[in-house]
Structure formats: C-alpha cells, structure tokens
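In TrEMBL this protein carries:
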- 12-33: transmembrane segment (TRANSMEM)
- 45-68: transmembrane segment (TRANSMEM)
- 93-118: transmembrane segment (TRANSMEM)
- 151-172: transmembrane segment (TRANSMEM)
- 184-202: transmembrane segment (TRANSMEM)
- 222-240: transmembrane segment (TRANSMEM)
- 260-280: transmembrane segment (TRANSMEM)
- 300-319: transmembrane segment (TRANSMEM)
- 352-374: transmembrane segment (TRANSMEM)
- 411-428: transmembrane segment (TRANSMEM)
- 440-462: transmembrane segment (TRANSMEM)
- 482-504: transmembrane segment (TRANSMEM)
Amino acid sequence: MREKKQTKKFSLADFVWLGFNYTVSVGFIGNFAVLSNVTSDSDPIGMHVVWVFAVEGLVAGICAWAFAKMAKIHQSNNNGAAYIYVRTSFGKFWGIFVAFMQYVSLPFLITIQVMMLIRGAFGVDFVAQEVSKGHYVLPWYAANWGAFGDLWLDLIGILIYMSASAIIFGGMKLYRKLANGTGIVKWATAGFLIIAGLALAFQKGPENLSYWGENSHFSLPGFVKAFNSCFFFFAGFETFSTAGKNIINPEKNIGRGITLIMFISTIFYIVISIIFFAAFNSFVQNMNMGTWNSFNNKVILYGGPIIMIISSFALKVNVAMQNALYGGTSIQPMATEGYLPDRFRKLNKDGLPVRASILNLCITVLMIFVWLAIPDLIKGISLSLKHGMFPTINDILAYKQPFNISSLTEAASAIVIFIYAMVIAVTLKLGFQKKIKIKIWEWIVFPVVLLVLGFVFGWHYYSLVNGVITSSQDDFQSKLTGAIIELVFIISSVSFATIWYFTYYRRKYLQRMQTNPALQAKLDSEFVISDDLKYVTKDLRNEVIEYLKRNKALSNGQEPPNENYQTAKALLDNINGIYENLEKKEQENGENDD
C-alpha cells in the first residue's frame, strides 16, 4: 500500500524533469530582439547577454542554495516554500505578504505564455518579415485580422490555455501522464529548432560572431535591463517548490531538485545563446517561427513553422497544467492559516487543493484580461481611429506596444527578485542567531547577492518611471500605458495584501485565539525550525568514513587494524545506528503525511 501511495507524489527525477520543463524553453531567444539588436532603442548590449546569463545562473544558483538550506530545516512537506521560511522567521505579516506576492508573480508568466501561444505564432507584430527598408511581407501562416487582430488571437489563446489548466482536476495520474507527454513533444520539436540554429551557425558563424564582436557595446542601463529581463528565465523554482505535499521526501528533494535545475538551465541558456548568435546578426521577438525564414527550401519554410506550432502548443499546455497546480498550492497555505476562507484549504485524495485551484483559474482569467485584453483593446481602438478597421502592415508595426516579451519578463523578474531576497534574508538571520550553520563562503556570497538583487529591483522601477519621463511623442502613449498598468497592478497588490491582513486575517486570528487557541497553536507548530541532527549525523559519518580510508592508507592496510582505526570504526557504528533511527522516523512521518 505504501508504494501505491508514493506513486501519487513526484520523485526527485520527476521534480527535476517537470521543473526544467516549467522554467526552460527555447523561446528565450526572442528577448534578444530587444536586448541585443543594434537597431533596438532599449540600450542593447549585443552578445554581452551571453555572460549575463552566466552571472544570472550564479546568482540564481546561490538563491537556489538558500532555498535548499531552508528546505532542510523547515516543514517542507507542506505547501508554501518561501512563505513557510519567511513566516517562520519574520512572522505572520511578512510570511503572508510573501505568499501573496509569490502567487502574484504567476500572472506575468501566464500573460507571456498566453500571448505567445497564438499571437506570438501568427500575429503581425511577431511574424512580419522586412524584405527591404520599410517594406514588410507576411509569411503564409500569418493572421492579419485587422485593427483588433491581437485581441481575437489572444482570446483564442486564453480559451486554449484555460482548457489545458482544467486538466489538473482529472487527478495526479492524468496530470503526470500529460505533463510528461507534452514535455517530450515540446523538447522533441524544439530539437528541430536547435538543429536549424546549428546548421545556420555552421554556415554563417564566423561572419556573425565577428559582427557581434564589433557591435556589442556594454552599458550599465543595458546590463540591468538584460539582467532583469533574463532573470525571469531562471525563475520558477520559487513557484513549483510550493508543492511540498506532492513531492517525495521534500526536505531532501526540493533542495537537490532546484539546485540541479539551476545548473542545467544555466548550461542550456549559454550554449543555445552562442549557437543563435553565431546563426543570426538580428533577432525577432518570435525566433521559433522567424528562424525558418533564413532557409530557401520550401519543405523547411513550411515544415519548420508547423513543427514550431506543435512545439508551442505542447509547451503552453505543459505550462498551463503546471501553473494550475502551483497556483493552487500557492493559495492553499494562505487559506490554511486563515488569510483566505477555510474552504480553500481542503485537499482531495491526491493532495490537490481543488477549490484553491478553481479560485486560481478565476484570478488567472482576471489577470489575463488586465495584462492582455485591455492593451489589445487600446491598440485596436487607436488603430481603427487612425487607419480604419484594416490598417496596413506598416501601420500595425508602427504602433508602439505597451508590453513586449522583454518588458513582461522584467516585470515578473522584479517580483521574483523580491521573493529570493527575502529567503536570503531569512538565511542570514538564522545564521546570525546560530540556528543554522553558515560557512565562510556563504557569509560572503549571500550578502553580495542580496545587494545585487536589491539594486536591480530598485533600478527596474526607476527605469519604468524614467522611461515615461524621457519618452518621445511617438512612444509616450505606449510607455505610459505599460507603466501605469504595471505600477497600478503592483501597488494594488501590495495594498490589498496589507489591508486584507489587518481587516480580515487579523480579526479572524484574534477571534481564533479567544475561541479556539488550540487550533492556532497547531497552526503555529508548522512554522518552527526543525532540528537538523540527521544532516549533522550524515556529515559526521562521511568524515569518519574518510578518516578510516586515510588511516588504512597510512598504515598500509595492516592487520589487525591499529587502535585509532578500531576507535573510529566503533564511532562509525554508533553514528550509523543514530542515522538509521532518524531515517526510520522520517519514513514513518512520510507515511503519515501520505
């Protein structure tokens, strides 16, 4: 029976595979249209973005390391992750505030996924090809549906996305099968894009790399913009690590999993970036489709986009399902503690918060409307008033969008950076309190990373406001619209979380303390630092084993062993007994959780 129960949960391999699928895709190349193109008006840094990925991989890896340390000593078998860590050390308000912001980061990701699902594959802005200066043509698969074309394409994307999100209600077995299946399809089809990039890199590599070498200019504003934008592609583990109840041995596997995912992701981004910089000297926002325009073979010109449409569909279905899971597991802990009504804390037989997931889907629809439908309507009205219902390609392309892939990923990154900074702050606080062991190198890197995160977080909102102030007349409307929507969204989210805490949760908490203090004591018992004797024992065991090897080598394997060897062997036997007892208790607790 125990084995049957465990199959409902994700193993370490499942966790890494699903996490890698959730955070990584080939679509990140489209950001280079804004960050690297020489013609971009957003402080382009060219090929410098490659080493920015390396820096971000290091920073994100250190953040992942902090998450791993926290997972070992907190109640990681519950949903919440960063919420649990912050709530335990900084109290109820900051814990719930982080939980809310952790959830709020999802709409940015969902907006990007929905936008790229249909509009990114067929929209004029994404697929128009410049054949000569100022002259554009559309490929065979383009959907030029007039002034409101973006709105119609996004509505189709929303319908498909929400249908995929509903799969979570079919249970964990169906979820796992479809998540694995769509993940395999996504990477099998993405493999064709990588092969195409390699083919072009072999043909044009020296020429293009020489071009980027001459035209890549570093600047601080460009670096920070690239850092903020691309940091998004390392984000995700703070979201999928919330699903502690759906992971086998979460204290161990959450830390291992996110560290592995960060390492693999960094290598992937650097290698793919180099390939595509060698293949192209200019990028478009949707390189999944745009790559194939560089070939003359008709089979490739038609077959490539079809393969990418399949890949994009598989990717978005995969991410939609995972967002539905992680959105629910981000909401459920807030309901458990009373920040939301009690009905949202209930779990089904698979450990899934069904009602919380339904609430998540409703909020998702609202957020997509704010981030996509409203800008689409503004664009449609503006174009139709100036150029009629069916403007030309040039008229459509001349319209300055309030959001592009880069600006949306920057907005998402800012929230994620805040969450990561809070977890590192928790780690440092526990280190100062001597509640965890922090090594010398950790005392150095954690504060440095905290300063870096704080700087880029502040710079993002400074540049958002400064972009409106310094904008030209042509792009003032789009800059203002983008800034207003993002700032209003963030300010209203922060205000709602704060007001709701003091007007709803605080009142409910005081009432509970009077009527049912035992329940509050039980809830608070989930937010304590766990004793890490098991990990100390494991470290001691490894040290003794290494000593035994050294002793044997120094004594040339003499028989009988010397006195020190026998003493250390007896010590190892005692440590093994303690470790096995701790493992047994952990397994028993795991069965009770199931």
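Placed from the backbone N, Cα and C atoms, the Cβ positions cover glycine too.
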Task = Would you kindly list the residues that approach the transmembrane segment (352-374) from elsewhere in its chain, counting only those six or more residues past its ends and only Cβ-Cβ distances under 8 Å?
result = 79, 106-108, 110-111, 114-115, 151, 154-155, 158, 161-162, 165-166, 168-169, 171-172, 246, 323-325, 327-332, 335, 340, 343-346, 403, 408, 485, 489
Listed stretch, out of 184-202, 260-280, 482-504, that has the most CB pairs under 8 angstroms to the transmembrane segment (45-68) = 260-280
Ask   = Under a Cβ pair cut-off of under 8 Å, which of the recorded stretches 12-33, 260-280, 300-319, 411-428, 440-462 contacts the transmembrane segment (93-118) most often?
value = 411-428
Request  = Spell out yes or no: are there three or more C-beta pairs under 8 angstroms between the transmembrane segment (260-280) and the transmembrane segment (482-504), with each pair 6 or more apart in sequence?
outcome  = no
Selection from 151-172, 300-319, 482-504, the stretch that has most Cβ pairs under 8 A to the transmembrane segment (12-33) = 300-319
